[in-house]
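Scroll down for the structure; my scribbles are underneath it.
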Amino acid sequence: MKKNPKILLIGSGNIGGTLAHLISLKNLGDIVLFDVAEGIPQGKALDIMQANTLAGSDIKIKGTNDYKDIEGSDAIIITAGLPRKPGMSRDDLISVNTGIMKSVAENVKKYAPNAFVIVITNPLDVMVYVMLKESGLPHNKVIGMAGVLDSSRFNFFLAEEFKVSTNSVSSIVLGGHGDAMVPLARYSTVKGVPIPDLVKMGLSTNERIEKIIDRTRNGGGEIVALLKTGSAYYAPAASAVEMLESYLQDKRQILTCAAYLQGEYGVKDLYAGVPIIIGKNGVEKVIELQLTTNEQALFDKSVDGVRKLIEAVK
């Protein structure tokens, strides 16, 4: 990867602005902040660059409403679309956001066909599928931000339960980025000790872990209900930056993301949250976990929900 890659952020709302700030603080590359709303990306770019003078960052941020400015982007994060409001599911956004994603995909295909693309727009698993099909980019270069965020929420709740640092907790959440996602307690650990073993030690109960799993599934909705005017943006932005950094710096981290499946987990031609290795080529490998019959059934149910939504937009 070049020394100063060009990073494009499509959508300059709460997540887009937070992304620009985090990326500049990490000095990952120069940024183009795009939005259809005039003045918004330009104003946020100026504000963040002025803030960066206090953080010692000289990263350049260009705010624009012109798709021509995205030409030659090395990496793209897409947040454009309507956010959730109280009472809405991620799936309620499908009609409007599909149209937005198709327009974005056409311009990515035209101006940045070699970029690595991370989609955040909801409903995530459908939007990343639309991006792949409409842009014509290779599937290893188009992924969705889902499991990193869901796992971070699961990690936080587990750390609270066991009264430990979040740094000691590692978890995996599979499936679609929706209410049927599959947090896997069996593959989640506190400093290497699986959650079921900690339950056997009397440090928690199966009932309490199930409540945490349910809270993880509804983690986004909980924040939407509290904010009342939008959805989460700090954690989604931090999650996408983790993915971006692994690509730009060839870290080859194993992260749970919405990846295109070609037979893994018994699924073909669909995006779903699974562990993958992200390196300089994008998706380097899909990690196929050995699931129990019950875990596979839950995964299949989650994926079926994604499949039905995709059929609705075809």
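Even glycines carry a Cβ here, placed using N, Cα and C.
When the candidates D35, D74, D150 are compared with the NAD(+) site entry in Swiss-Prot, which names G11, S12, G13, N14, I15, G16, N97, I120, T121, N122, the shared residue is D35. Comparing the binding-site residues G11, G13 by how many other C-beta atoms lie within 10 angstroms of each C-beta, the top residue is G11.
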